[in-house]
Amino acid sequence: MSIAIEKILAAAPATTRGQPTQLSCDPKGERIAYASGKSIFLRSIDDPSLCKQYTGHTTTTTVAKFSPSGFWVASGDVSGKVRVWDAVEAVNTKGEYAIISGRINDVAWDGDSQRVIAVGDGRERFGHCFTADSGNSVGEVSGHSKVVNAVAIRQQRPLRAATVSDDSTMCFLHGAPFKFANKAAGLHKGFVMGAAFSPDGSALATVGADRRIQLYDGKTGEPTKQVGEGVHTGSIFAVSWAKDSKRFVTASADQTVRVWDAESGECVQTWRVGEEGSVNVADQQVGVVWPHGRSDGLIISLSLSGDLNYLVEGNDKPTKAVQGHNKSVTALGVASEGKGKILTTGSFDGRVSSWDVSTGTGTAVDGQAHSNQVTQLASAGGQTYSVGWDDTLRTIQESTNNFVGTPTKLPSQPKGIATTTSAGGRTIVALNDSIAVYADSQLQTQLPTDFTPSAIAANGSTVAVGASNNNTVQIYTLSGSNTLTPSHTLSTSTTPISALSFSPDGAHLAAGNAAGKIVVYKTTGTTTNWEVATDRWSAHTARVLSLAWNAAGTHAASGALDTHVHVWSLAKPGSRVKAANAHKDGVYGVAWVEEGGDGAKIASTGGDAAVKIWGVKGLQ
């Protein structure tokens, strides 16, 4: 057996309210780079399912910028480190440099792709200038008294750089080596959020929380004029120039993206993101980039919700929105059509998305979503059911991809959910102190337990529940009148049960525990029921978080907190394949998708907020 990555369906950019999020495009206008979680994603603009993920950072990443040559990326994180790495494969790191003692807010390259300036929030300095290949100092960032939000470097000689800060000023640097030349104070009246030099180096634009757009001479740093006074009605977070240096685009908290003519100062096009007439915080525009090297006039803006909006001049509405998760994906389910073509994912912030496996496109489920972490998803009969830490059970209509009906309030916090087709279809929820049976979102019966349930699975009339305080699996039988009757206790595990899964034919039950060990039971034995089929599936080194069987019931996949995905064989328990370091911070969900022939695909999700599709070959 072998396992290899086929697709990375990238996480959405991480955003923070009231702060700009930096986006960057390569010189050809083919790929976009951004930070999310502890990773940097390099994503194709035309086909967002083509993606490279760089996982070299050990803490939360904040910014990534392509070099003007397109061969390198410089990325920063919250610990003040900048890493320079190759943009082709996103594997080889050229160097890691400790710049400041706090968060890196922005980085910028010079026109030769040799020097980098990184700025942010430090204690003894707010930024530094260094060479990309060796980290040697090529100047200093000085003149600011508060955190620096953005930096821009003129791409022509003589080299100039501009830094903008929470102290309401813009500092102009001459280089190289870069040193303080002059300061523009008294123009902006609040935090200055963004700065950008025009591609021809003739002008510099700064934008800020005071809704002001200020232009300067690109060579001297002298202020020239203010543009668009009173047009934006919210903080302006980002600015980006067109290739012709005649126009630039701004993104604002008033949910609009505007294109400006630099010469006349007129706003020539406006897009408003979100529903007409309604104010929605999630639609605030916190980042924008105007990719050079394209002929279609595309602009990409970023909403606070993490959605990337594709805007084209001449169209009033965004032509496309690329959606995904920007918090850990805590739940993964496969739609009930049984072919594994549609995936549903739920994340730490309550967002639920649906994914088309073949095209790799993700769409947020419409309607009132969970307000807190999604615990688990289960599907049956054209509907997907979700439970979350907001103590609700919600129903998603798969055909229309929206939440239907009103959320069902649960008696206590849910630990898991399972569906069964017996008795006309039932949804069984494991709660903090009981097991509840629902039909059509209505509570039928509730069985109190003397243990705390930790996991649940169901097949036909058999329900398996993991007991966290006595390390057992409790087996129940569900009757036609919705009553649960205890039938067996499985006490093989030495640590609490953390994941349960029945094979599709109901012949086997896999139970994973907090130590990383998986035991498989035969549901019907020759002499006695619930014999151990194998206890050799023990390669994980941390809590097993999810289990999934293939359609034939011959192989299972597991994901654990140790960040690995394993594929196991029932016939040959010793032969397994491993996808190492599949997701930073743990694998929370696995599922089999698009099975056929000797090959199959496995989907996995985890702490890096990405969905990954793996190709498995040679199942034995």
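Glycine residues also receive a Cβ, built from the backbone N, Cα and C atoms like all the rest.
Pulled from TrEMBL:
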REPEAT    54-86  repeat 'WD'
REPEAT    185-226  repeat 'WD'
REPEAT    229-270  repeat 'WD'
REPEAT    322-365  repeat 'WD'
REPEAT    537-570  repeat 'WD'
REPEAT    580-620  repeat 'WD'
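Mean pLDDT for the repeat 'WD' (537-570) in the predicted structure: 93. Under 8 Å from some Cβ of the repeat 'WD' (185-226) lie the Cβ atoms of residues 20, 149-156, 158, 160, 162-166, 168-170, 172, 232-241, 243-245, 248, 250, 252, 260, 262, 265, 292, all in the same chain and six or more residues away from its ends. Taken through DSSP, the repeat 'WD' (185-226) splits into 0 helix, 21 strand, 21 coil. Sequence-distant contacts of the repeat 'WD' (537-570) (same chain, six or more residues past either end, CB-CB distance under 8 Å): 1, 3, 332, 498-505, 507-508, 510, 512-520, 576-592, 595, 600, 602, 604, 606-607, 614, 616, 619-620.
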